[in-house]
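Let me begin by presenting the structure, written as structure tokens, before commenting on it.
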Amino acid sequence: MGMYQGVRQHLAAVFIVAFLIATVHSWSGPQDAVHITAILGESVVFNCPVDFPADHAVPYVLQWEKKGEEIPIYIWYDSYPTHSGEGYEGRVSRVSPDSPYGLASLNLTNIRETDQGWYECKVVFLNRSPNSHKNGTWFHLDVHAPPRFSVTPEEVIYVNVGDAIILNCQAEGTPAPVIQWYKDASPVQPAGTSGIFNDGTELRISNIRHEDIGDYTCIAKNGEGQISHTARVIIAGGAVIMVPPTNKTKLEGEKVQFSCEAKALPGNVTVRWWKEGTPVKQVASLDTRVTVRRDGSLVINPVAAEDTGQYTCQVSNGIGDPQSASAYLSVEYPAKVTFTPTVQYLPFRLGGVVQCYIKANPPLQYVTWTKDKRLLEPYQTKDIVIMNNGSLLFTRVNQNHQGRYTCTPYNAQGTQGSSGQMEVLVRKPPVFTVEPEPMYQRKVGETVEMHCDAQEAEGTEKPKIQWQRKDGQPLQRNRIRVTGGNITIESLRRTDFGYYHCVASNEVATIVTSTHLVVEGTQPHAPYNVTANASDMAVTLQWLPGYSGGPDYKQDYTIWYREVGESEWSTIPVTPSGSTQVTINRLSPNTLYEFQVIGKNALGDGMLSKVITVQTLDGIHRIVEPFTSGKDNIIIPPEGPKPGPPG
């Protein structure tokens, strides 16, 4: 094992020496380089002999380099894995020792255009002075490739008389292909309205005439071959919807048909239908009931409740933008119960709901309920209310509310029947055994752990504990650990500031307790509740301050404002320091402005408030000056004609 390790270290040292040789040796333009020409996709052999010292074979490292590549593209050492550079994997190999080529010769296969360039063969003899290495044999590879198109015009181009078009035809290859244009087998002759530009790659026609209609062929050729592409220019018009679909209302089980008649030139009109943005053929529920007829109309037979929605037909003949039109299908059916839970729970001494899962079109009108096979009169029963969706709301649950319930929904089409029996059980809700503190105060970068736990009542499931932000923002999982009901937030940031809910829920009820996390040592939070009072040339702003960053930080404010539509913002610092009210003067009358407020403390600028938009007044104006005597100034413009200049 030790001997093998030594050999590996020796080989690593050899590779480093070989790489340093390649790095130190500067390329100065070999005079005796071998020039080779190859065809794209073929193979080539760089013939490089090995001249052993005193004609005595000794171990050596073979290294092939390509000018411009930092790492050799091929390294070989007997009995060790070879190295192939990036992009050369599987394409470079040392020739067989039995071949007529030199022992250091390299076989390059599946030649690419990027292979073109300078290559150097280097042989490093082991156990010899570094200066004894062969300086290298240079080769230059030219890669020739037949033309291939990189950009071609569409095969059919529809135009109107007077249009302007550009036929773009670009080709790659080595040598660079020459582009030629033909119209109906004759070379294109530049004229007043047509010309060939950008080294022949663009044929431009600025004012289409009837005589310009025809087949245009682009030919690209070089010494390795030629290719062609033909585009047909046709005068035509796009598809237009003549009879659009209209809104329809159907009863479930009936047949519905939407029209979509179109005209176009040429008349190869394709009609496609979508339901709510999805092709109708991809709507699983429509699979066996939908048909698109040859005239473009859509037929659904029979219609089902889930077919309600917007249907859009789109017509096109490949000319211009497709045209579309939409209609709405409303499927009516008697109100029905879609799901019956066998058991529902109500939380003892709390509010609770017994759900009736209903679907109805037209909308639900009313629901009847039974309890223990007797009609329930919620309007005459204390603590029970029927909700708008038909469910029962129990404002304060007691044991008498336990029983077997059914619901029956009705709408203008009637009812499809009652639900199954639902066993309603009254159970005690979960209770918090550990609640978080009302407030946690930490500094930026610190860690906070907030505790919470809950216990279930007898005969119910253990509640699941979850933490949520009150503002609905997602928790940063990469800095948060939740263990049991406890949450730990590491490396606190300004964005962690806010209210957090601990939510405990089981099949009986969901209970919530809250805490406030204050992160100190930050820039100010955004001001909020920004309000404005406008006159003709001034706007007075008031706001509530965002969190200042901590008790040790004083907060000052700056106003950002601009006219709506302008790109540049103007700023005004608020004085006196700490004030949460300011008047911006010298504004234009009857003009719409945008305003934002930003706070700043010793740590820097905070977050901008939401933008509010305010329009200055015009006509009779009331100007509010909050920091003067408190009296309002009324400006009444004069009436009547403007007097002339004094005589």
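Cβ coordinates are placed from backbone N, Cα and C, and glycine is handled just like the others.
Remember, TrEMBL labels are computer predictions, not curated facts.
Taken from TrEMBL, the feature signal peptide applies to 1-26.
For 30-123 (among others), the entry in TrEMBL reads domain 'Ig-like'. Mean pLDDT of the predicted structure over the domain 'Ig-like' (30-123): 91.
The domain 'Ig-like' annotation in TrEMBL covers 147-234 (among others).
As annotated by TrEMBL, domain 'Ig-like' applies to 238-330 (among others).
The feature domain 'Ig-like' is assigned by TrEMBL to 341-425 (among others).
Annotated domain 'Ig-like' per TrEMBL: 430-513 (among others), in sequence order.
Counted with DSSP, the domain 'Fibronectin type-III' (523-619) comes out as 0 helix, 48 strand, 49 coil. The domain 'Fibronectin type-III' annotation in TrEMBL covers 523-619.
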Contact ranking winner - 147-234, 238-330, 341-425, 430-513, 523-619 against the domain 'Ig-like' (30-123), Cβ under 8 Å: 147-234
